[in-house]
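Down below is the structure, laid out as C-alpha cells.
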C-alpha cells in the first residue's frame, strides 16, 4: 500500500499597519526543502489584524496541494482565533458569545477554508524579538504598508 506523503512547508507571516486603521501590508516567508520565497502586498486602508490574517490566507492559498505546514505568526489574534475561538463562532453562525458579529468574519471564513486543505501546526513567536523569519516578514510588511497599491475590499471603513 502506497501512502501519499504530504510536503513539509514552513510559513512565517506578519502584518503591519501605519495608523490602525491606515495603510497596511503583509509579509510572508515560505520555506520548502531549504528554498525560501517571500511575498508582500500593501493596502491603502486596513487594520493590523486584517493584515495578520491576510498574510496567513495568502500564504496557504499559494500551496498548490495539501501540505503539512508549520505556520508561525506573532499574532495571538490569528493563532487563537483559528485554533480556539473559531469553533464557537461557526456554531453561532459567525457571532461572538455576546451575539455581536465576529469582526473580520470575511477573512476568518477564508482562513478557515484554506486551513481545511492542510495539516497545520499553528505556532506563535514574540514579535520584534530577533526571530530571523519574523523580522524578515516584519520588514516586508512595513515596506508594503509604506507603498500601498491595493484596496482592502473587506474593510468597512
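Placed from the backbone N, Cα and C atoms, the Cβ positions cover glycine too.
Annotation source Swiss-Prot lists domain 'RNase H type-1' at 5-146.
Residues near residue 74 (Mg(2+) 1 binding site) in space but far in sequence (CB under 8 A, at least 6 apart, same chain), listed by position: 14, 124, 125, 126, 127, 128, 131, 134, 138. Positions annotated as Mg(2+) 1 binding site by Swiss-Prot: 14, 52, 74.
Neighbour density for residue 14 (Mg(2+) 1 binding site): within 10 A of its CB lie 30 other CB atoms from the protein chains shown. According to Swiss-Prot, the Mg(2+) 2 binding site annotation covers 14, 138.
Among the binding-site residues 52, 138, the residue whose Cβ has the fewest other Cβ atoms within 10 Å is 138. DSSP assigns residue 14 (Mg(2+) 1 binding site) to a strand in the three-state reduction.
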